Amino acid sequence: MTITPQEALQRTIEHREIFHDEMLHLMRLIMRGDMSPVMAAAIITGLRVKKETIGEIAAAATVMREFAHHVEVPDNSNFVDIVGTGGDGAHTFNISTASMFVTAAAGAKVAKHGNRGVSSKSGSADVLEALGVNIDLQPDQVAASIAETGMGFMFAPNHHPAMKNIAAVRRELGVRTIFNILGPLTNPAGAPNQLMGVFHADLVGIQVRVMQRLGAQHVLVVYGKDGMDEVSLGAATLVGELRDGQVHEYEIHPEDFGLQMVSNRTLKVENADESRVMLLGALDNQPGVAREIVTLNAGTALYAANVAASIADGIQLAREAIASGKARAKVDELVRFTQQFKR
C-alpha cells in the first residue's frame, strides 16, 4: 500500500506511525528527487516533532542502503565500522578515526564511513586529509584498501549521491532530522559489526534496535553521560549491545578497566590540523588523556569486531598495538596506499 506525501504529513501531525512499506515508498521518492522540497521538508520535520520510531528509521536506512554505491568485501569476519552520529558539540579531536588505526593494527578490518565536519571543528574526512590520506576513492579502490591495509575510508558524498536530492532542504531547515542519525546505519561496505557513538542518551536503545532489525551481528551503541558520542573517560558511558540477536543495555565506567576518570576538556581542538597533532600524539604513545581515550574506544571496537572476548581484553590489545608502533605505522600505510589513486 502506498501513501501520499500529504497523507504522511497528516500522520505525523497526529503523532501516528508511518508503517514500514509506506516509509520505504516515501524515502524512495525523496532519494529519487520525486518529492517536492516543501513536502520533503514538512515530512522530515513532522517526523522529528513526533519522534521517529525504530520502524521508521529502519525503513529509511534500508532505502539509503539501496541507493548507495556499495563496497564489496568478500570476507566480513572481524569486520567493523567505528562511527559517530556527530552533533555532540564536544569539539574533540577525531577519536573514532584514531581508533580506526589502532583497531586495524590489532587485527580487525575497519570500514570507516564519514564526512567533513558540520557540527564539529574537524570531521573524519578533514583529519584524514590533514594526515595525507586520499579520501576520494572509488568503491573498488576502498575494497582494495581494506584488503591490503585492513582499513578503508568511505567518503559519504561519494557513496550516497542520492543525498544531493535532500541536501538543500536539510541545509535550509538547519535542525536535526532523521538524516542526522541515518549515516551510521548505512555503511556502504555492509560491516556487520559496529561501534556507534550517538549524541543523545535516548538514541542508545533506538539505534541498537534499528541495527537489530537491519540484521547486524555485533553492535555497541554508546553515549558518554558527559555528552560525548564516544566511550568517555569523563563520565559513565551508556551502552546498548546487540549480540546473537539479543539486545542488552548497561553502563560502563573508566574505572572498570583500570582507567582514571578525567575530564575530556583537554581533548578539544579548533581545526583539522590540531586534531591531526593530537591523533598522532596518541598513536606515538605519548602519555595523556588522548592516548587513554583512543585505547578505550579502540578496545571497545575490537570487542565489537569479535577480535577480543571482552572490552577489557580489547583494551589490552589496543595498548599493545600503540606501544609496539603498529598503530602509528598504519597511518603511513593508509597514506601510501591511497595516494596511488590520486587523480
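Cβ coordinates are placed from backbone N, Cα and C, and glycine is handled just like the others.
These numbers come from a predicted model, not from an experiment.
As annotated by Swiss-Prot, 5-phospho-alpha-D-ribose 1-diphosphate binding site applies to GLY84, 87-88, THR92, 94-97, 112-120, SER124. Among the features that Swiss-Prot reports, anthranilate 1 binding site is placed at GLY84, ASN115. Annotation comment: Swiss-Prot describes SER96, GLU230 as Mg(2+) 1 binding site. The annotation anthranilate 2 binding site is assigned in Swiss-Prot to ARG170. According to Swiss-Prot, the feature Mg(2+) 2 binding site maps to ASP229, GLU230, an assignment based on sequence analysis.
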Across all chains shown, how many C-beta atoms besides its own are within 10 angstroms of the C-beta of SER96 (5-phospho-alpha-D-ribose 1-diphosphate binding site)?
-> 26
Relative to the Cβ position of ARG170 (anthranilate 2 binding site), how many further Cβ atoms are located within 10 Å?
-> 18
Roughly how many angstrom lie between the C-alpha atoms of GLU230 (Mg(2+) 1 binding site) and SER96 (5-phospho-alpha-D-ribose 1-diphosphate binding site)?
-> 8
Please report the DSSP secondary structure of ARG116 (5-phospho-alpha-D-ribose 1-diphosphate binding site), reduced to three states.
-> coil
Could you tell me which of these binding-site residues, THR92, ASN115, has the fewest other Cβ atoms within 10 Å of its Cβ?
-> ASN115
Where does ASP229 (Mg(2+) 2 binding site) sit in the DSSP three-state scheme?
-> coil
Which one of these binding-site residues has the most other Cβ atoms within 10 Å of its own Cβ: HIS113, ARG116?
-> HIS113
To the nearest whole angstrom, what is the C-alpha distance linking SER96 (5-phospho-alpha-D-ribose 1-diphosphate binding site) and ASP229 (Mg(2+) 2 binding site)?
-> 10
Rounded Cα distance, in Å, between ASP229 (Mg(2+) 2 binding site) and ASN115 (anthranilate 1 binding site) is 16
